[in-house]
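Asker: Have a look at this one.
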Amino acid sequence: MACSAHVEEGDTVAVSVAIEQPLPDSGWGIGITRGTILQGLQRDPYHFERNGLYIGQGRTVFSRAGIFRASKGIAVNMTDRVFSLPSFHDVLEGEIFLQNLPSIATAHALDPQKGERILDMCAAPGGKTTGIAILMKDEGEVVAVDRSHNKVLDIQKLAAELGLTCITTYKLDALKAVCKIDGLSDMATSNCSKNNMDMTLKNSDLPRSHENRVSSVMAEELNANITAGENVSIEKANERTYVGKADIRKNERIMRNGPGRNQSQGGRVEKSKGFLPNSFDRILLDAPCSALGLRPRLFAREETIESLRNHGNYQRRMFDQAVQLVRPGGVIVYSTCTINPGENEALVRYALDTYSFLSLAPQHPRIGGPGLVGCCELPDGYVEEWLRPGEEELVQRFDPSSSLDTIGFFIAKFNVGSKTCPIQNL
């Protein structure tokens with residue numbers, strides 16, 4: 001937040017904490033610029049020698065200019081500290097995994113059972129995924145997907161550290177989680193994950209020996225279709241003679257910069273084309289959000305009403321995918337780490353008004369507070385509807401200012417009824 005002038009890379013510097021001070025308008029602030037260092041408390045033994053609450057010495061990784069240009073990274077490697085509290089990073093690896101209280105409550109709200117097939121749609125970094133697997137006693141299957149190659153590797157690493165074997169990971173965009181089956185053709189079916197085929201067969205009433213034979217035949221047909229598709233692709237590739245400028249620029253960029261971050265960490269990540277409808281017992285959608293509940297939170301940019309509404313639209317599209325993937329009689333848990341009702345209560349209103357076979361379910365344990373009832377008219381005249389009376393106690397809203405002292409968070413749990421009910425307002 002602040003740094004003395006003329007600091008260069010490799011310099012030994014004193015590090016002080018920036019202390020918030022009460023402002024005349026009853027708020028709190030720091031009121032510093034990049035060249036200002038705060039005065040610490042007088043009970044600090046180094047008060048008259050150093051400005052700020054001194055916590056130790058370190059060696060700079062960047063110059064002063066570099067520190068304020070970099071958007072992330074380590075600016076100072078601490079060498080001598082006045083405190084002895086260690087970081088929990090890599091402490092008791094494989095034995096514990098630190099999580100925020102609302103995140104722990106989310107896995108419990110899903111109430112996973114042994115032997116079930118569960119989907120975590122936006123699983124990285126894997127804390128809730130592994131929590132679900134532990135609650136299932138590592139019996140069943142937890143399918144964890146994320147659209148980032150390296151984030152999927154992080155999930156795999158955490159699962160391995162905790163010794164969990166029921167977690168299957170894929171690289172997959174949650175907006176494309178439902179595989180496309182156009183006319184139920186063989187080639188279209190081959191686009192779906194092979195695991196979906198196996199799951200469908202295992203859930204049938206066929207005798208075990210017959211089930212294995214059918215599974216083998218379908219696997220052979222699946223491989224044949226995929227091979228045929230690959231051959232067609234190769235033939236088309238051979239026919240292509242024109243190389244566009246975009247391809248040339250891409251190849252030049254790869255030659256200049258290397259293969260890119262997605263391959264930088266190594267490791268194998270399997271890609272998925274999606275899953276069959278009604279193929280999961282329970283689904284967790286911990287949706288990407290505005291993250292207004294996180295703390296500490298350093299905003300790279302300011303959120304606007306328009307950007308917050310875009311988050312809500314994005315989350316609805318993901319929720320639509322979850323509704324298709326969960327089986328009748330199953331459960332969907334939706335959660336965010338934001339306090340914005342447009343991404344929380346408004347999503348619940350959308351879900352209940354759109355899908356008549358969904359209903360809010362009680363959550364256990366219940367730790368957070370009630371949801372928001374009513375509506376809000378936005379500046380452009382759009383009315384954003386939230387919960388209705390009686391629904392507020394069926395969701396959990398975690399307020400950072402409450403006595404629980406947690407991050408801002410939201411959890412809603414839905415029971416899925418018979419999908420023969422009509423879908424409204426589509």
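Numbers here mean position along the shown chain, with the first residue as 1.
From the backbone N, Cα and C atoms, a Cβ is placed for every residue, glycine too.
A quick note: this is a predicted structure, and the numbers were derived from the prediction, not measured.
Among the features that TrEMBL reports, domain 'SAM-dependent MTase RsmB/NOP-type' is placed at 29-417. If you look up TrEMBL, you'll see Cys122, Ala123, Ala124, Pro125, Gly126, Gly127, Lys128, Asp146, Asp173, Asp286 marked as S-adenosyl-L-methionine binding site. Sequence annotations record features per position, and here TrEMBL assigns active site, nucleophile to Cys337.
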Asker: What mean pLDDT does the predicted model reach across the domain 'SAM-dependent MTase RsmB/NOP-type' (29-417)?
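Answerer: Summarising the domain 'SAM-dependent MTase RsmB/NOP-type' (29-417) by its mean pLDDT gives 80.
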Asker: Have a look around Asp173 (S-adenosyl-L-methionine binding site) and count the other CB atoms within 10 A of its CB, chains all included.
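Answerer: Looking across every protein chain shown, the total is 16.
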Asker: Which value in Å gives the longest Cα to Cα span across the S-adenosyl-L-methionine site residues Cys122, Ala123, Ala124, Pro125, Gly126, Gly127, Lys128, Asp146, Asp173, Asp286 as recorded?
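Answerer: Between the most distant Cα atoms of the S-adenosyl-L-methionine site, 19 Å.
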Asker: Rounded to a whole angstrom, what is the C-alpha distance between Cys122 (S-adenosyl-L-methionine binding site) and Cys337 (active site, nucleophile)?
Answerer: 13
Asker: Roughly how many Å lie between the Cα atoms of Ala124 (S-adenosyl-L-methionine binding site) and the residue listed as 'active site, nucleophile', rounded to a whole value?
Answerer: 14
Asker: Given the binding-site residues Gly126, Lys128, Asp173, which one's Cα is the least distant from that of Cys337 (active site, nucleophile)?
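Answerer: Of the binding-site residues Gly126, Lys128, Asp173, Lys128 has its Cα closest to that of Cys337 (active site, nucleophile).
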Asker: Report the same-chain neighbours of Lys128 (S-adenosyl-L-methionine binding site): residues 6+ apart in sequence with Cβ closer than 8 Å to its Cβ, ordered by sequence.
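Answerer: When sequence neighbours closer than 6 are ignored, Lys128 (S-adenosyl-L-methionine binding site) has Gln99, Ser103, Thr106, Ala107, Asp120, Leu284, Asp286 within Cβ distance under 8 Å.
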Asker: Among the recorded positions Cys122, Ala124, Gly126, Cys337, point out the residue whose Cβ has the most other Cβ atoms within 10 Å, with all shown protein chains included in the count.
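Answerer: When each Cβ's neighbours within 10 Å are tallied, Gly126 tops the list.
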